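What follows is a set of notes on a single structure, which appears directly below.
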């Protein structure tokens, strides 16, 4: 600001002398020794050189007031800075980081302060509960301001005293949010969450849960912990979570981060961690980084007792029926039910469900541990692999003995009992008619085939490719649960071993080389006479060859080199291509239900025997390998 009577700084020292003269006159400063040296100079030669006619007393006073105001402003800033260091330097203050800044960064631009405020406000998410921006703005603004400008908050405009008071009050309310913001700066957020959980609840979170590495693994029971939840939101969670679950156990404790709820939730259906994160983030209004979600340890008695005892306290809120894994490990009557493992019960289960594969037995029986005490004892055993192998071996023995004890009529009746009703035999009859096969002729051939009549023990279905030969034969073999042999294994001595336990067998797609092999080695097989079969790691066994179906593109009766097979096979030609509709579905459905309907309709035509000894509609009495139990009390 130029003083009155001065047009500008000008050239040389003209402007300086004009200001200095006024300041010297009114401030009473001591004259320097350099100026005393020229005190003898009267300045008569400079009379009239400076025109001070325009300088008035008002201009002199204005300059003095401006200087005084600048000095007072600087003194006030120093006083405010000293006061803030005194009041905000305690350990419990959320704004204590201000005192760590350097004094060399005290000048602040007003525009930068406003931009820093805007960034701080925009970075705070609105929770929808109260004045979130007001509660979180001040601590964030202090950190941002200290990092960029180094000045105190009180120098950012307005009354310094009122701003300082507001920061202290709001900072006390927003301390929990400040702690959460500090959490995001941690190098290992999960470790910080686990540490805080153990500090608040006195128990390690990892002791309550088992770890799922994948977020896509589904489970019905989950243990969830949330950090930095508002008190009103935590209270309303007990109502908001009910539509999503069958049971919940919620306990809430407070810390300097806010409310920390611990939840054991059984959802209405199995959910994965990613789905639960989305649900809880919506209900609790917290980011997923502030959530711990893992399934509980279902077989840990300590975990069951923890949730059982805390459920009885006044800090917990429960809803719904208690999960069975807690009841089983905490109530006395259920503890009596824990017995040692019984292999016979496992074998009975595998036999009833017709499961003979080791892996399938292990997987499906382990899934019954929640509802079956013997399965739970199986999981607790250290010999699970041995039990699975023994169970599969015994099941196969029982199944093999059961099949051998049945005749063909009993076996077909047994297979029909395993299949639901609702099929139609007409699809099979129409398909045979489509292939120009007389239905009555087919029934006569099938009757002799099922009885194993010599010279009629083998049916050959031949024709061009894509005529449905394999489809027809495979559907029949699947219904009667027969065995399939492949000529590709003919170099092995054991390739005929599946015929040992088969009621009906199939050799699919026999080539000319296969027919030569049959003509050379398997003539007695086609006759249905007893023969000897080599078995791997076991001695030879003498069996009667079961009825055999062969599909081929070659008609053996047309080849004179196979003349010894002409009387041993019954040939049925399939000349027409298998039909499909416009959607690619087969026109004739060759399914198990249709084959059941076929045999039920043609039972008397096929001369199959009725079981006169059957009871309650069952061809054989139910197999039972579990000893009976006396339920009477002493």
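Glycine too: its Cβ is placed from the backbone N, Cα and C atoms.
Features of the protein shown, as given by Swiss-Prot:
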MOD_RES   90  phosphoserine
REGION    91-128  region 'Disordered'
COMPBIAS  91-115  compositional bias 'Polar residues'
REGION    172-338  region 'DNA-binding region'
DOMAIN    437-587  domain 'SF3 helicase'
BINDING   463, 464, 465, 466, 467, 468, 469, 470  ATP binding site
So how many other Cβ atoms are close to residue 467 (ATP binding site), meaning within 10 Å of its Cβ? 21
Taking the mean position of the Cβ atoms of 463, 464, 465, 466, 467, 468, 469, 470 as the ATP site, which residues outside that list, in the same chain, have a Cβ no more than 8 Å away, listed in sequence order? 553, 574, 577, 578
So for residue 466 (ATP binding site), how many other CB atoms are inside 10 Å of its CB? 12
Using CB atoms and a 10 A radius, I'd like the single residue among the binding-site residues 463, 464, 465, 468 with the highest neighbour count. 468
Residue 469 (ATP binding site) has how many other Cβ neighbours within 10 Å of its own Cβ? 26
Sequence gap of 6 or more, Cβ distance under 8 Å: name the residues on the same chain that satisfy this around residue 470 (ATP binding site), in order along the sequence. 508, 509, 551
